[in-house]
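Asks: So TrEMBL lists these for the protein:
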REPEAT    11-52  repeat 'WD'
REPEAT    53-92  repeat 'WD'
REPEAT    93-132  repeat 'WD'
REPEAT    193-234  repeat 'WD'
REPEAT    235-274  repeat 'WD'
REPEAT    315-354  repeat 'WD'
Amino acid sequence: MGSSSSALKVCTDHQGGINWLSLSPDGQWLLTGSEDGTARLWSTADSQCRAHFQGHESYITFCHLENEAAFTCSADHTIRKWDVMTGQCLAVYRGHTSIVNRILVFKDYLFSGSYDRTARCWSVDKEKPIQEFRGHRNCVLTLALYSSKDVLEDSEEEELEEEKLSRGFLVTGSTDCTVKVWWVSSGRCHQTLLGHTGAVLCLILDAPNRELFSGSTDYTIRTWNIVTGEQLRVFKEHQGSVICLELVNRRLYSGSADRTVKCWLADTGERVRTFKAHKHSVSTLKYHAGILFTGSGDACARAFNTKTGILQRVFRGHKLVINCIQIHNELLYTASHDGTLRIWDIRSIQGRRSQKGSLSRLFNNKVGCMVHQENRGEQEAVELV
């Protein structure tokens, strides 16, 4: 299929690769975190850079954006909170002793995972950890969070956020080949999910169905019952590390170092489609209204019709791996290790699609996935095992 026209805009403000791209819940802002040690805030209304967050002493690995606050974590072992409007650093969270590579924000609480083999929980308003999760034998790469109430049937009464957190569970995936489930309130390990024989790179949680999906360098995806810890299914057809996952309407999409994306029926484990055409690892996925968008180590983004499997467009222009993508108001945003943020018009793709798809969640703030990068990421993490 032919390539797209050129990007609507190319933002070149960063002086190093962009490792992550986060969209605010209200859709008004984008946040980029970079190898240059800074983060930048972009308006989705006009694609202009509105703030420049400086203060980290090493590269930013991951970022998360709320409507009024931004959070960044870094190889300098710290996490920072920033005021979106002023760019002022509001807090520095210190305690980790190695690279902090994932963060997750839930109301007034912040969770982090690090190469120091621990995860931590912080009060957003304070700069000291209120809980530490220690037990992994190697790097913590990815995080997910759920409440016991999320998996209980016929439970509709309201509860305070503090009460929900006291019943909360943190899920961590590690290069030690395990997934661990922790009580947030005590820091105690509730379950260790055993089965993977390689580093766990990504997690997707489906709390209403009581399931957790994990992707690994052992080429498999595994499904777990998050109540019992039982391994339910193993998805085995990939020929390379499983780098990223996306779950939509009980269809699971998996991007792999084998240069493919596979679509599976989550309920049975049956593989129903393979999306090819990538010339390098698939580093990121995003489903939007019946179209699957992918980013790859071949520096291209692609759009596939999920019903037919047809490749509808190739977005060319980046020079290095695309690490993250977001979609808002029929615009595709691609962030690359080449240091640029590119913005593409996808209205013509939506007009040509042969199925009516529902708008998926634009960014699941409760799940973090491992991002494959050419000179850092999966390879670096695996080497530390």
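Please read every residue number as a count from 1 along the shown chain.
Cβ atoms here come from the backbone N, Cα and C positions, even for glycine.
Quick one: how deep are these features, and who are their neighbours?
Replies: Averaged across the repeat 'WD' (11-52), pLDDT for the predicted model comes to 97.
Listed as Cβ neighbours of the repeat 'WD' (93-132) (distance under 8 Å, sequence separation of 6 or more from its ends, same chain) are residues 61-64, 66, 69, 71, 73-75, 77-81, 138-145, 161, 165, 168, 170, 172, 174, 182, 184-187, 365-368, 381, 384.
Residues 198, 201-204, 206, 209, 211, 213, 215-223, 280-287, 292, 294, 296, 304, 306, 309, 358, 360, 369-372, 378 of the same chain lie 6 or more positions beyond the ends of the repeat 'WD' (235-274) yet place their CB under 8 Å from a CB of it.
DSSP assignment over the repeat 'WD' (315-354) gives 6 helix, 19 strand, 15 coil.
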